[in-house]
Amino acid sequence: MLFFSYFLEFNFRILYIIISFIICVIISFWYFKSILLLETYPVIKGLFGKFIIIHITEIFDIIFLLVFSMSFFFCIPLFIYQIYCFFTSSWYFYQIQFAKNLLFFYYILIILIYSYYYYSILPNTLLFFTQWMFLQDTNYFLNMEITFHVFLYVNWVLTFRYNFIIFLLVIFLLCIHLILLYPILYFYMIIKLYRKQLLFLSITIIYIIIPPDVILQIILILFLIIIYEVGFFLICYKFINFNDNNYAYN
């Protein structure tokens, strides 16, 4: 009987997710022009080039790609929430609070990463690929005019966006798991001994990812330095409190 009740609840939540996905598909299809404008706005704003459509069937491919991509993007949080609600009945109170805080942190992190990608990473990447020196050289033997194939552009933007978000989320997830699973002394010794090497490695990886913009590079260097220094300060503070508590208990 208990298995049957859980089975009904699980089916109900799956049905709720499917209905929500269908509603998202309908809404996305209804506002398809706005979604397409949202994806192409960085090119239109920066005047990086023109858009072209070669075949009439590409319009259906673009609609299919954007509608389902946007629907999946907005239904994934709902899917995670339904899974969370299904399993909370067998969790302890501290596990529920930990899951709430973790999900809230990741939702805020996704919003911040998406905003940073849309307003900084994507425009600078397009600027880098469309403003090469030989494209601006009037003495070059080829006269080049930049045009964007709409379907290929949308496909590349979606792939680049989700890979960028997943990459940063995986990094933050690994950092959180390392902090929770390893003792504070381990992190204190690593940051104390290899802080400069880790900072240099982080700057190198960031420089490979971001476009070669001098102002953006300087801002990221200062941001990484502040992160490492503040992180080391917090680790030292937590390490001192940890030692004081052990001394008090002993």
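Quick reminder: no glycine exception, Cβ is built from N, Cα and C everywhere.
Worth saying up front: this structure is predicted, and the values here are computed from it rather than measured.
Summarising the annotation, TrEMBL assigns transmembrane segment to 14-38 (among others). Counting same-chain residues at least six beyond the ends of the transmembrane segment (14-38), those with a Cβ under 8 angstroms from any Cβ of the stretch are 44, 62-63, 66-68, 70-72, 74-75, 78-79, 82, 154.
Marked as transmembrane segment by TrEMBL: 59-84 (among others). Residues 13-14, 16-17, 20-21, 24-25, 28-29, 32, 35-36, 39, 53, 99, 103, 107, 150-151, 154-155, 158 of the same chain lie 6+ residues outside the transmembrane segment (59-84) yet bring a C-beta within less than 8 angstroms of a C-beta in it.
Per TrEMBL, the feature transmembrane segment maps to 104-128 (among others).
The transmembrane segment annotation in TrEMBL covers 140-158 (among others).
According to TrEMBL, the feature transmembrane segment maps to 164-186 (among others).
Here TrEMBL flags 193-210 (among others) as transmembrane segment.
As annotated by TrEMBL, transmembrane segment applies to 216-237 (among others).
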